[in-house]
Amino acid sequence: MAIVSSVPLASKSCLHKSLISSIHKLKPFCRTIPTLGMSRPGKYVMPSMSMSSPVSDDGVQRRTGGYHSNLWNDDIIQFLSTPYGEPAYRERGERLIDEVKNMFNSISMEDVEFSPLNDLIQRLWIVDSVERLGIDRHFKNEIKSTLDYVYSYWTQKGIGCGIESVDPDLNSTALGLRTLRLHGYPVSAEVLKHFQNQNGQFACSPSETEGEMRSIVNLYRASLIAFPGEKVMEEAEIFSTKYLKEALQKIPVSSLSREIGDVLEQDWHTNLPRLEARNYIDVFGQDTKDTKLYMKTEKLLELAKLEFNIFQSLQKTELDSLLRWWKDSGFHHITFSRHLHVEYYTLASCIAIEPQHSRFRLGFAKACHVITILDDMYDVFGTIDELELFTAQIKRWDPSATDCLPKYMKRMYMILYDMVNEMSREAETAQGRDTLNYARQAWEDFIDSYMQEAKWIATGYLPTFDEYFENGKVSSGHRVAALQPILTMDIPFPHDILKEVDFPSKLNDLASAILRLRGDTRCYKADRARGEEASCISCYMKDNPGATEEDALSHINAVISDVIKGLNWELLNPNSSVPISSKKHVFDVSRALHYGYKYRDGYSVSNIETKSLVMRTLLESVPF
C-alpha cells in the first residue's frame with residue numbers, strides 16, 4: 001500500500017492521518033512491474049536539464065542533458081599526495097590508541113579526577129567524543145563496557161551527572177538517551193518529560209549559560225533519533241531548534257557557536273561520519289580550561305587528525321583504481337551523461353570510514369556511476385525502441401547476443417555486465433556463496449522500473465500516486481546501490497539476515513521511500529520544465545483535486561518526517577533479531593544518497609555543496 005491513496009480524501013486533515021497510518025504498512029515493491037512508466041524526479045540522480053533535440057552521429061534525433069562538465073579528471077590524484085602513509089605516523093597512531101584506551105580504563109571510582117557526582121557524564125563524554133571524531137572503531141570493547149555501566153544506573157527519570165547525584169540532569173540524560181539508543185539499549189524518550197514544565201516547555205534560565213547551551217545541543221541531537229509516536233521528541237526538537245537558533249544570534253563567535261551551527265546543519269539522516277569528524281576536529285576542546293581535561297582532549301584530537309590524514313593515503317590508492325576503471329571501461333566515450341564517479345566515491349568514503357571496507361567504497365562508487373549513466377540513457381538519450389531492446393537484453397544476460405543494440409548501448413551493457421559479475425565474485429569470496437542470480441534480479445527490477453517510466457514519458461501518461469510511488473521506490477536506485485557493495489564486505493549476511501536488510505524488508509522499503517520522496521521535493525520543478533510531469537507532487541495533486549503545490553509539498557515533507565522515524569525504529573529497535581551493525585550499512589547508504597538532496601539536486605548541480613564535500617573530506621588534509 002502506497003503512502004497516499006489514489007482516492008481523493010475529504011480534507012487535508014484526513015489525508016494526513018491516512019499518510020501517517022500507512023507509514024508502517026508500506027508494501028515492498030513486487031517484482032511484477034506494471035507496463036506503464038515515468039520520469040525519475042525522485043531518484044538521487046536527475047534527468048535532462050535541457051529540452052533540446054539535436055541529431056546525433058547516427059542520424060537519430062535525441063535530447064541532450066545540458067549538464068555541466070565533469071569537475072574532476074586524472075589530475076585529481078596529484079592533490080592526494082600525502083606523507084601520512086609513512087610507518088612513523090601509523091606507529092604514533094597506535095601509541096595514541098593505547099593512551100586513549102587507558103583514558104577509558106581510568107574512569108573508575110578510585111580515579112581522583114572523577115567522583116560519584118560526575119562519573120556518568122564523564123563516561124558519556126568520552127564515548128561521544130570518540131564517535132564524533134571518527135575514531136570509535138578502535139574502542140568497541142571500551143565503549144560497550146562504559147555504556148553498560150551507564151545503563152545500569154538509568155532510571156525512569158534519566159540520570160544525573162554521577163551515580164550519587166540527587167537529581168536527574170538534562171545534559172546527562174539527553175546525551176545518555178541518544179548514545180544508549182544508538183547502541184541498541186532499550187531506553188524510553190519519556191525520561192525527557194521530567195525536564196518539562198506544566199506547559200510542556202523545557203526548563204531553561206534567562207542567562208543562557210554555556211552549560212545550559214550544551215545541554216540543549218544534546219537535547220536537539222537526541223530528538224533526531226525519534227521513534228514513531230514519541231511526541232516528547234517532537235517537542236524537544238521544536239524547542240531546541242528555536243533555542244539554539246536564537247542563541248546563535250546572541251553569543252560571540254567561538255568553538256561553541258561553531259559547534260551549535262554544525263549540529264543544526266548536520267541532521268541525523270544526512271549526517272556523514274567522515275564529514276562530521278572533519279567539522280568536529282575544528283571545534284573540539286578549543287574552549288577547555290581544565291588542564292587535565294585539556295590533556296585528554298589533545299590526545300583525542302591528535303589521534304583524530306592522524307586517522308583522518310592516514311585514511312587519505314588509502315583513498316589515493318582506491319581513487320587511482322576507480323579512475324583506471326572509468327578510463328578502461330570507455331566512459332570517456334559516453335558524452336550524453338553526467339560523470340560523478342569521484343563524487344560517489346567521496347560519499348562512500350564518508351560513510352564507510354573503516355580502512356578494511358575498500359571493496360564497499362569502490363563498489364558503491366561504480367554502481368552509482370552506472371546508475372547515473374543508465375538514468376540519463378533512459379530519461380534523455382535513448383529512443384523508446386532502443387530502450388525496450390536494452391531492457392530485454394538485460395534479462396537475457398548474454399553478451400554474445402547484443403548485436404541488435406546501438407554502439408553506445410553495447411558499451412553500457414558490457415559495463416553493467418562486467419561490474420555485476422565482478423562484484424558477485426567478490427561477494428562470493430566474502431559470503432561463501434554465489435549471489436549472482438540474486439543481484440541480477442535486483443538489477444532487472446531496477447531496469448524494469450526505468451523502462452516503465454520511459455513509457456510514461458513517451459505516452460504522456462500521469463499515473464496515480466500509488467502507481468508512481470510503488471515504481472518510484474525501485475527507480476530511486478537505493479537497492480542496487482546498496483546490495484552488492486554490502487555483500488562484498490567482510491561481514492556475514494546469511495540469508496535470514498539479508499532478507500531483513502534487502503528486498504522485501506521494511507528497512508529497504510523505507511530507505512527507498514525517503515529517497516524517492518525527498519528527491520521529488522528537490523527536482524519536480526526542473527523535471528516539469530523539461531516536460532516530465534510525474535512526481536510525488538503532481539500525482540498527489542491529481543489524486544486530490546483542489547490541492548495546491550504548497551499543500552502537496554507540506555504534506556510530502558510531513559510524510560518524510562514520519563518515514564524517517566519509522567526508519568529509525570527499523571534500525572534501532574532493541575527487540576530486533578538483526579544486529580544494528582548489519583542494518584547500519586543499508587541505513588548509511590540511505591544517508592549518503594539523501595545527502596545529495598540536502599540543499600538541492602546535488603547530483604545534477606554538483607559544483608557547489610557536492611564539490612565542497614569532495615574538497616573537505618577527500619582532497620584537503622587536516623592541519624596540525
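Keep in mind that glycine also has a Cβ here, set from the backbone N, Cα and C atoms.
Features as listed in Swiss-Prot:
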type	residues	note
TRANSIT	1-48	transit peptide
BINDING	ASP375, ASP379	Mg(2+) 2 binding site
BINDING	ASP375, ASP379	Mg(2+) 1 binding site
MOTIF	375-379	motif 'DDXXD motif'
BINDING	ASP527	Mg(2+) 3 binding site
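Summarised by DSSP class, the composition of the motif 'DDXXD motif' (375-379) is 5 helix, 0 strand, 0 coil. Residue density at ASP527 (Mg(2+) 3 binding site): 26 other Cβ atoms are found within 10 A of its Cβ, drawing on all protein chains shown.
Here the CA atom of the residue listed as 'Mg(2+) 3 binding site' lies 13 Å from the CA atom of ASP375 (Mg(2+) 2 binding site). Distance from the CA of ASP379 (Mg(2+) 2 binding site) to the CA of the residue listed as 'Mg(2+) 3 binding site' is 11 Å. In this structure, the residue listed as 'Mg(2+) 3 binding site' is part of a helix by DSSP. Note on ASP379 (Mg(2+) 2 binding site): other Cβ atoms within 10 Å of its Cβ, all shown chains, come to 27.
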